[in-house]
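Data block below; observations after.
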Amino acid sequence: MLSRSSFTSLAVGVFAVYVAHTCWVMYGIVYTRPCPSGGAAACVWPYLARRPKLQLSVYTTTRSNIGAESNIDLVLNVEDFDIESKFERTVNVSVPKKTRNNGTLYAYIFLHHAGVLPWHDGKQVHIVSPLTTYMVPKPEEINLLTGESTTQQIEAEKQTSALDEPVSHWRSRLTLNVMVEDFVFDGSSLPADVHRYMKMVQLGKTVHYLPILFIDQLSNRVKDLMVINRSTTELPLTVSYDKISLGKLRFWIHMQDAVYSLQQFGFSEKDADEVKGIFVDTNLYFLALTFFVAAFHLLFDFLAFKNDISFWKKKRSMIGMSTKAVLWRCFSTVVIFLFLLDEQTSLLVLIPAGIGAVIELWKVKKALKMTVKWQGIRPKVQFGASNDSEKKTEEYDTQAMKYLSYLLYPLCIGGAAYSLLNVKYKSWYSWLINSFVNGVYAFGFLFMLPQLFVNYKMKSVAHLPWKAFTYKAFNTFIDDIFAFIITMPTSHRLACFRDDVVFLVYLYQRWLYPVDKSRVNEYGESYEEKPKKKSS
């Protein structure tokens, strides 16, 4: 059976292979092999190299397929379209009755020769995108005491929201790109991701690909959606354009496919939106750094969970450990998980919080020496007795909590009362969870003081799970970076920086009380807690 060090080495090795493989895959995505100079017959040449005069036209229709210019509306026409110049224009779009009744409205974007109608141009390229999507409206927040709402919504919208059913929303942004590189493809090995966006034409003896028109679906964010009701007749649409390189185009196609796959696996529109935000709102170079940071975060999460579980699994006594701090960590972790769940936070944050809550519940069972015996169908919970050494630790623990309660309880109660009077919530449950979590975030570090006090009284920190602490500290510093990237509640973001301060205090105590693991303390125990070897 693998030892702990071997298992850790194996995990780190697998992690290194994973990172190397991912880097190789990413290189394969952004790098495209050009057509060799000697194989001109098999090359696919760019039509844009001829520098044609182009025009951009955007139409809307309720039909997913159009054969001619009937039943379509022209909403934007850009003559003398320059593929090198970015622009952004806002137009008003008429909303048909069919769309107002939860129907779909499509945008047809044509790139064609200037002065020629799209359906009369044999070398036009076009792409289709729905301008509507279906999503459950965000619950309205009200003042729980007065019933005053944050927004004056139309009564029909309130009734629709109450049904908790998806309704039609308007995508107010349309982001377009054209691949502008004069890149010569090898016809025998066209990249599959780009190939589906390419349209070929035969010009003389050579094959050319027409301009590659692309819609950036990653820019469609939940914050830009607008609810469509029966009285809506016109809505704004912001059309923006920018050129794109081949490498970024291929990367963006893969990211869009990944987001689509997440939605097929059950991710909601909001969950997918969190992932989109990582790519759209972040510089690509910073995004590459974020990938490596996220990979290390995953590794440290795994190692922290593993070492924490290993430490508590072998823990035979609570000497030097604050039981109340363990109980508090369990309570705060569960409350934070429920809060993140209520706020519909990204699964990237929610899943680790849920795993952490389960581990903290198990640690409480170990700390209280709790056993469950079944008497028929009725469970009977029993708690183990504490020895004299553990009672001494509990005495320090109780002493710290006594003074702490004088400060903590008034602050938490006052904060909850203030938020009830001045802040609007979706429900009483939402207020209760928010009050708890604000207490956890704002004053939670105070509950770490009992453990610091126990360390001070015992003049030792050898009883703490330092390996798990170290991995968690690394993740805390990584969380500081993610706090500016991943969408999360502001209080959760501030808590990341609070944990930095707490860990620095633990480091100071470790320096102040050097650990001698071979030393037997005043209770006759070694903090190494090595299992006794059986005599042969």
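Heads up, the Cβ atoms here are built off N, Cα and C, so glycines get one too.
Taking the topological domains listed in Swiss-Prot, Thr8 lies on the same side of the membrane as Thr323. Counting only the Cα atoms, the space from Asn92 (N-linked glycosylation site) to Asn102 (N-linked glycosylation site) is about 19 angstrom. In sequence order, Tyr134, Val167, Ser168 are the residues near Asn102 (N-linked glycosylation site), counting only same-chain partners six or more apart with C-beta under 8 A. Over the topological domain 'Cytoplasmic' (306-324) the predicted model carries a mean pLDDT of 76. The highest number of surrounding Cβ atoms within 10 Å, among the glycosylation sites Asn92, Asn229, is found at Asn229. Taking H, G and I as helix, E and B as strand and the rest as coil, DSSP gives the topological domain 'Cytoplasmic' (365-402) the counts 18 helix, 12 strand, 8 coil.
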